[in-house]
Amino acid sequence: MRVETLCGTLLRTILAATTALVAPNMVRSAAAQPFAAVGLDVQPGDGAAIAKALAEAANHGERSLFASVIENTRLTPWRASAIFGAARAQAPALETKLQKASQAGLELATRARAAASATAGVPLPPGADASVPVDTLSEEDANFGWKMIGADMAARLGLTGAGVTVGTVDSGIDIRPDGTTHPELEGRVDPRSYSYLYWVNRHMTVEPNPDGSFDPAEIAALGDQEGVNGSMDVSGHGTHVAGIIGAAHDGVGMVGVAPGANLLAIAAVPANGFVTMPDGEPLIVEGEPLPWWQVQFCGTETFLTTVCNPKFPDGRSPTAEAIDYLASQADVRVSNGSFGPNFPEGSVTADVTETVQDGDALRNYVEAGKIWVAAAGNAYLDSPIQASNPDGLGLLPFISPENAGVLNEAGFPVIDDGGLGLDYSDLTPEALAAREAETGEALGRIVVVVAVDARKEISSYSNRCGVTAEWCLAAPGGDTDRDPNVPDPQRGILSSVPVDVAETEALPEGTGYDFYDGTSMAAPHVAGALAIMIEAYPYFTPGKLVDIMFETAEDLGAVGVDEIYGHGLMRLDRALSGPIAIDPNSTDDYVTDIPFDHQWLFDFASAGGMVKAGDGTLAVGREAAVAFAGRTSIEGGKFQVDGYYETAATDIGLDGTLGGTGVIASDVTVAGTLAPGNSPGTLAVAGNVTLTDTARTEIEVDGAGTGNGAGSYDRLVLLGNGATFAANGVLAPMLRGISAPATNAYTPPLGMPYSIVIAPDGQVTGSFDGIEQPNAGLLAGSRFDVVYGSKAVTLVATPSDYGDLAALGLSQSAAARAVGGALQSLRPVAGVRPSDEVAALLDPVYLAGADQLAAGLDASAGTIYVDAGHESLRSIGRFADTIGHHQGNALYETEDATSDPFWSAVIGSSVDVDNGGEGYDAKTGGFVLGAEGEVGGSFTGLQSVWLGGALSYTRTNLDDDHGSADLDSYQAAVYGSAKLDAFVLRGAVGFGHVEADLVRSTLVSSQSTSPDGNGGFAEINLGLPLASDVGVFLPSVGIGYRGFRRSSVSEDGAFGLDLAAKTFEEGYVTAGLAWQQSYLLNGMTLKPTVSVAYRGDFLDITDSQNASLIGAGFESAGENVGANALLASAGAELAFSDRLSAGLRYETEQRAHLSEHAVKFDFSLRW
């Protein structure tokens, strides 16, 4: 069996057809052609060259023809049609397969250019940039792959792979007969390291004798390792692999992924190339060049005896022997195999007929509970169809009778087992996991690795994951042999090599380092990473370790597991995002004290508890589910649960913080900081949450959304029946300084609710001690308050002072300021739970928006009671004025009346009170009935004394901006008049009862009450009738008092007011002038009357009252109408006879802010 290393530095052999199509002039032509030119006709003269080249390829067989079509279509896709046509002319029977080959070449061209476009302008890591001198690089940057996979995290955690033995099956390792080894590997090359191959001095040449024989001394020197103290590794490949795995972190050269790992190297992969003669030509033996692998396999004695005498006489392959040996070593838990078969160029199917020995050995290895890391192969440039899947041992689990017929993307079988019926499907991850579940074994795994370049693009030479995607991932392998149409000055992977094989010109001769690229370099990155993981998780099974590695890989290419990159890029930093050194079966507390931010990104469970110390943040990733059977204690730093976390109980200590956007399944007690969300977000707890008096609850508010991220706010949601949130400590909302992705630009409007705690099937108890107001982000003149519900805690922005909303740009009436002041006096310290009674009042106030608040406070002041008091008083006044007008008519009489009259009046009036948009409207209707009579011609000096009485009923409908009232007024009065010389004296006294039905609005509801009240009036007036040719003029002057006392009021409900009994009164003087004239009309007398008067109040009309909300007193101010009034009337009376008359008149009263208009109909009957 021929075995060959898979180093990407192997020179590519291009078929004659390919060579003809990529001559220098055509490369330049290709570079000038846009990709959109695919399918255009070729340039003049190209057709003959294409036909000739493909004819030469066809002479090498079908595979060569297919390879030529694919490769040349990939390199010059605009010639696809011409290439396909020429190939079809060579082999018409293969048209279908040639069409698939052409499509495959176009697909490869598309991928290459898409990759180049995607990475254009992305800077290279220093170690990969050929323009950066190597001697200026730190050892951490020298191999760019070290940081790319996150190996620096292992260094931060102090993990080196110490105590872990990594096996390699390769060309050996740089260890010499005198015991010295490469400085990067010193002290860690396991003494069990062994070679199954013969050592050869590849620096020697061999000169045959003229008769074809060889000088025994020369041949002896060719194999004399001790004579030259030669390195076991004659090619350098194995040492390069070993350096990637475990080169020392010593400040020199480069550093391996696991710089403390023990390296057990088995040399079983011979060197490439041929034995040469002094003139540089290959040594020809039996007509063929003699390869070095044959000498290493058979020994140098083959030159003298032509007998092959391998070190292992059982006829097995050296790699199978090596794998078996590593399987037998208990301390070897992971091994690297950067080798594989050498298929002919243009292969379209993987020939697996020679896999049996290595495959059976690898099955034993996996059953021994060990992890095998296999390089995927470097065949893509030469055999892209076959290389769409790995070759070698990485493909092994796919080999089964069921998969024998599976075709690759070009329509060819993926594998060819020669009809042997090979079956290694028991080595798939699924099959191994099923066996473990059934038997309880801890079996190993096979991991296959493809290579990516320094920009994380699949390397041009690398096989793809293909059918092995479920057990495949990518790692850095470098790429110095990219598509010539996509030039990129990248270096390969720098690692250790024996000093006598280093060939790089980038370093001084004899430094013992070289740049290689290939999947051979990608695989040891993974093997070294697994060594670190074994140290980090010594109790995890191989299957668990590999699952972690796959789960935490960085997704590349298509989303999810794909055919190019498999699970994605190996990320050791993410794989170390777990409970370092945990024993899942221990019932002791697992203590983590990592001083920097750290994540748990994968699922695990522990029989013990967990204690977090240190200042760093420990996060449970979104996709992770973690369970601890014991309690969890967060003594320091932040515990951020973004996934699922289950534990017996969670205790957050004084220096601890709990946050995240995941689910915690336990009761939570917080003595430190509760910070749900994550810039911002929602944290769910399936259990009770209890805050102690030292607790601090931090809530980030970046908007009113309830999701995670920008525009949302932090929430805590309690799941489960009966879950209780017990508030305590300090609440600290934040509006600025929130970490990304928050916008830090949100300003909460007044009344916007943020339900920061929700217990939909539970309850909320307790109270915060107060709110630490944010230092920025609130509206000027506002603050945060809390509304406590039975199942929720709501944060809300409120005015700092309800009695003064000016800072918020809101205007307030005097009444609104007064009731706002009362509310302000009832407010507890922000965040403190008020009494239930006060909460019923304040909660809707807190939740009121700016517009609702400005109007609602005014409505809640109860000004309707003042307005209704005013109108009740005016109802009494209307009765008094009606009697006064009736008495005034009698003053016009120049002769005594001859009979006693019965009189009545129908009243209709409208009042409009308006004070800057505030006020009320009132409509009144009613009637008055009266009777009177003369009691004597002379009475104690008075002449013509008359006495009368009257009854009245009126109904007033009053509406103001915030309520309404229906007022029913029942009144009675006595009145009288007499002549005093030329003057007439009149007076009246009345009593009234008013029943009111009031409805008023509040901030959130309405109130209905029915307060009653009593009142009355007393007036006296002196007039002087003056007769003239144009009528009778009546100047007069009077004084009066009117009063109304409403009973006390006690409303129910949140905004129920308490009002004491209140007296509304008016004391006034009146001076006026009236005129009347009489006209006879057909036996009837028409008496027009006009009057005007001034009334001045010496007792101001009451415009306010004292009220209280839950004992908080305030003055509810009504409308302040003017103290000076203009009274005017105009009307006419029609006397049908000396016994019957009727009249109609219009009256008005005009004051500052008040206007009343009335129409009255009078009727008098004398008998």
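Note: Cβ is positioned from N, Cα and C throughout, glycine not excepted.
These come from TrEMBL:
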type	residues	note
SIGNAL	1-22	signal peptide
ACT_SITE	ASP170	active site, charge relay system
ACT_SITE	HIS237	active site, charge relay system
ACT_SITE	SER520	active site, charge relay system
DOMAIN	895-1167	domain 'Autotransporter'
Integer Cα-Cα distance in angstrom, SER520 (active site, charge relay system) to ASP170 (active site, charge relay system): 10
Rounded Cα separation (Å) that holds between ASP170 (active site, charge relay system) and HIS237 (active site, charge relay system): 7
Around the Cβ of ASP170 (active site, charge relay system), the count of other Cβ atoms that are within 10 Å: 28
Three-state secondary structure, which DSSP defines for SER520 (active site, charge relay system): helix
Assigned element (helix, strand, coil) containing HIS237 (active site, charge relay system), judged by DSSP: helix
For the domain 'Autotransporter' (895-1167), mean pLDDT (0 to 100): 90
